[in-house]
Amino acid sequence: MDPSPRRSAAPQAMPEKAARATPRRGAGKARVRTAYSRAEIEEIFHRFSVQRPEPKGELDHVNPFTLVVAVALSAQATDVGVNKATRALFKVADTPEKMLALGEERVRDYIKTIGLYRNKAKNVIALSEMLVREFGGEVPRTREELVRLPGVGRKTANVVLSMAFGQPTLAVDTHILRLANRLKLAPGKTPDEVEERLIRVIPDHFLFHAHHWLILHGRYVCKARRPECERCVIADLCKADEKTNAVPAPLVEWPPNGPLPVGDGPVE
């Protein structure tokens with residue numbers, strides 16, 4: 001059987017609310033240094049879209065405020081570790097007002113299993129105070145306003161804009177920074193540099209979900225220490241120097257660290 005994945009699905013349409021988002025940096029798709037042709041990039045993200053049609057972030061939250069808190073807490077921590085800490089916290093404090101009523105000391109008690117928990121507890125209280133004082137308790141919908149919140153940087157703001165408000169942003173974390181350079185997709189030295197280059201490289205109709213596709217691919221397949229190329233759906237297209245396999249895996253999602261799906265080859 002032909003090992004190359006078959007194409008049938010049309011490029012994924014951007015959600016209506018995402019289409020109304022403010023103009024992106026890099027609009028106009030100026031040429032960026034990349035090892036891939038436009039056709040190859042289109043195929044890469046087409047396969048990601050077939051493998052994970054509706055990718056989801058792995059940080060638990062119940063509203064935009066708890067998302068801001070969860071992402072801020074995730075710095076230098078795992079999503080699994082953050083979720084364990086916030087599960088109980090968000091049951092008693094899912095709004096800025098409730099978080100302030102809880103107080104810094106009790107917030108520390110809830111998140112003490114997370115690295116840098118003392119400083120993070122201060123930031124959670126401080127950002128809650130600012131949300132109440134300046135935004136009526138609501139999470140703002142612009143990057144410029146979000147990055148004013150204590151403990152919120154550009155990456156956190158981009159995650160919130162995408163997951164809470166449907167804006168097509170691209171938050172560059174360690175996984176995406178690694179992939180952009182390892183795969184030679186959009187090489188860059190800093191997260192901001194990689195963000196700008198990826199936005200110019202990724203086709204518009206795939207941009208909304210690109211953040212999660214790349215993070216999940218980096219977290220579970222193209223790992224930092226040893227890429228699991230046998231699990232890679234773009235193994236035949238990948239231009240990484242350390243690639244160990246050139247046969248693409250089936251276009252289905254499987255449990256992390258579980259066995260590969262059994263079948264006749266790539267599927268749609």
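Using the three backbone atoms N, Cα and C, a Cβ is placed for every residue, glycine included.
Just so you know, TrEMBL annotations never went through curation; they're auto-generated.
Copied over from TrEMBL:
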type	residues	note
REGION	1-31	region 'Disordered'
COMPBIAS	22-31	compositional bias 'Basic residues'
DOMAIN	73-220	domain 'HhH-GPD'
BINDING	Cys222, Cys229, Cys232, Cys238	[4Fe-4S] cluster binding site
REGION	249-268	region 'Disordered'
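Every protein chain considered, the tally of other Cβ atoms within 10 Å of the Cβ of Cys232 ([4Fe-4S] cluster binding site) stands at 23.
In the three-state DSSP reading, Cys222 ([4Fe-4S] cluster binding site) counts as coil. Neighbours of the [4Fe-4S] cluster site: apart from Cys222, Cys229, Cys232, Cys238, residues of the same chain with C-beta atoms within 8 angstroms of the site's C-beta centroid are Leu183, Val221, Pro227, Glu228, Arg231, Ile234, Ala235, Ala240, Lys243, Asn245.
Averaged over the domain 'HhH-GPD' (73-220), the predicted model reaches a pLDDT of 96. Of all Cβ atoms in the protein chains displayed, 24 besides its own lie within 10 Å of the Cβ of Cys238 ([4Fe-4S] cluster binding site).
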